[in-house]
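Written out below as structure tokens is the structure these notes cover.
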Ligand code: FAD
Ligand code: NAP
């Protein structure tokens, strides 16, 4: 005899405010086939587990989606991934792998490296390298761009092969919800591919925003276009002073292009502002121009380039002509195309992102990871880690959840800035100025001595509590290879690093990382944090 069990929505969705969805579970046969009845505000759907084509369908083949899909398949789940790249307004498109691989971390790091090598060539003579005609050393943009794009294409290929080997079905189609368990995917030829899944993961990430000013979309580009630009960018204006703005400005200036950053308010919002301002000072010293407290007003194509009008801090309209205008003003979440209303998934109206608890949306079998999540760091390792943990919870009875605190990150400015934990400002707000101790130091990297490189911006900061065993709650480092330096300290902070433990650690000499262990001057003492010795 079939048993019928109805669980009203508030039982299943008790951790949520009331939503436009009712979830009912029914046991209807001797084989305990699980049947779900979902009522959105539009329709009622009845699903039986046996009818689903997949255990997991992932929308978005980027960092988070692919990590979750591969992990789930390794655990025996039947998995499909929809990935589709809508071309940028300039017509740029790319292959499988998402933002990081195609138009993010990877091409950015390679171009950063190209710029650092240019710097190294100029320093090499001081180390004894005989460089015949140093003045003629210059970048060949086309060669750089082709090399970067070739690497990306190889990663796209390896990613496809990897999915095939792991038996994850890749569907090159723009996916959307037809109902809570059914995904339709519009393919390039306009045909629709329809699949059903027990669980669905939204991992569609975001795309760069354009400002709402005349000529922005027609005449500007974004990070979606810069890495594959067929012509050298030339004199470039970058609007926005976040991660992307500073990183692009850093490598373009390093490659020899006249580069200006237009800053609306502050540099690197959300980061420790003392560190952010040191980064800007350092970039300015290298030749990057900064226009502070300015907003673009109009972008117009003219015979001699792209004319930009902006409003300066006094409210006056200023203008200049550039070869390239790059907008780096943040990214918009790609939820609009998903027809989330057909599944009852709720979005935060302010930023179109999804609010999820442990990556679970307000609809219990629909999950979200990566850049699409509201108020979570937009970083590749965050998306990957959350995606893998989710699949382990879904298909391997794991209970481990993602910890979004103490995520380390690095701004790949010419002199890099890596950090983990709280900024000085955040620590002051959370714990109160009297309860925190800031240790800081300027230092001289050994490799800066021979070319007599300016080291006045090599600075670090350790934020600790004054009681509670002097727990370390933030570490900040500006210097060469900051990402490599801060990664290990992130593990230490996760393991409850205290200042006494930091001080009892033996350093590796001669490295820049050991400076974080040598630090002893507190800001409170007002002692000079400049290096004591000239050459050790
Ligand atoms: P994505 O990687 O964006 O993947 C989403 C995929 O879904 C895309 O392929 C998209 O085309 C596809 N898609 C969208 N809608 C649909 C749909 N309806 N159907 C099917 N497919 C769809 N992070 C770092 O950690 N370190 C860095 O150095 C770094 N540098 C960056 C530099 C730049 C210039 C940029 C833009 C980002 C950078 N990031 C960096 C951030 C990082 O790229 C993102 O955090 C990461 O890619 C997010 O992964 P995701 O899986 O959420 O989304
Ligand atoms: P972002 O860090 O949010 O910075 C956006 C910048 O644009 C801010 O300076 C902001 O100024 C400015 N801005 C916003 N709207 C504007 C407008 N209408 N006109 C002029 N300026 C405007 O965004 P992003 O640099 O585009 O990067 C997006 C995300 O990608 C980041 O959050 C990051 O997580 C990820 N990312 C990571 C890395 C890395 O790990 N190294 C590198 C690149 C990107 P205000 O401060 O005034 O708002």
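Placed from the backbone N, Cα and C atoms, the Cβ positions cover glycine too.
If you check TrEMBL, you get these features:
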type     : residues                                    : note
DOMAIN   : 54-387                                      : domain 'FAD/NAD(P)-binding'
DISULFID : 100-105                                     : disulfide bond
BINDING  : 109, 175, 371                               : FAD binding site
BINDING  : 240, 241, 242, 243, 244, 245, 246, 247, 330 : NAD(+) binding site
DOMAIN   : 407-516                                     : domain 'Pyridine nucleotide-disulphide oxidoreductase dimerisation'
ACT_SITE : 509                                         : active site, proton acceptor
For the domain 'Pyridine nucleotide-disulphide oxidoreductase dimerisation' (407-516), what does DSSP give as the number of helix, strand and coil residues?
38 helix, 33 strand, 39 coil
With the NAD(+) site defined by 240, 241, 242, 243, 244, 245, 246, 247, 330, which remaining residues of that chain have Cβ atoms positioned within 8 Å of the Cβ centroid?
238, 248, 268, 328
Can you work out the mean pLDDT of the predicted model over the domain 'FAD/NAD(P)-binding' (54-387)?
97
Out of the binding-site residues 242, 244, 246, give me the one sitting nearest to residue 105 (disulfide bond) by CA distance.
244
Measure from each Cβ of the recorded positions 100, 175, 371 to the atoms of ligand 2 and list the residues where some distance is under 6 Å.
none
What whole-number distance in angstrom separates the two most remote CA atoms of the NAD(+)-binding residues 240, 241, 242, 243, 244, 245, 246, 247, 330?
13
So which of the disulfide-bonded residues is most packed in, judged by how many other Cβ atoms lie within 10 Å of its Cβ, out of 100, 105?
100
Candidate recorded positions 244, 246, 509, pick with smallest Cα gap to residue 175 (FAD binding site):
244
Anything from the recorded positions 240, 242, 246, 330, 509 with its Cβ under 6 A from ligand 1? List those in sequence order.
none
Can you give me the Cα-Cα distance between the residue listed as 'active site, proton acceptor' and residue 109 (FAD binding site) in Å, rounded to a whole number?
27
CB within-chain contacts under 8 A for residue 371 (FAD binding site), separation at least 6:
64, 99, 205, 206, 331, 333, 378, 383
In angstrom units, rounded to an integer, how far apart are the Cα atoms of residue 244 (NAD(+) binding site) and residue 100 (disulfide bond)?
12
Record-listed FAD binders 109, 175, 371 have a maximum CA to CA distance, in Å, of 30
In three-state terms from DSSP, label residue 175 (FAD binding site) for me.
strand
Enumerate same-chain residues with a sequence separation of six or more from residue 242 (NAD(+) binding site) and a Cβ-Cβ distance below 8 A; give 'none' if the list is empty.
268, 269, 328, 329, 330
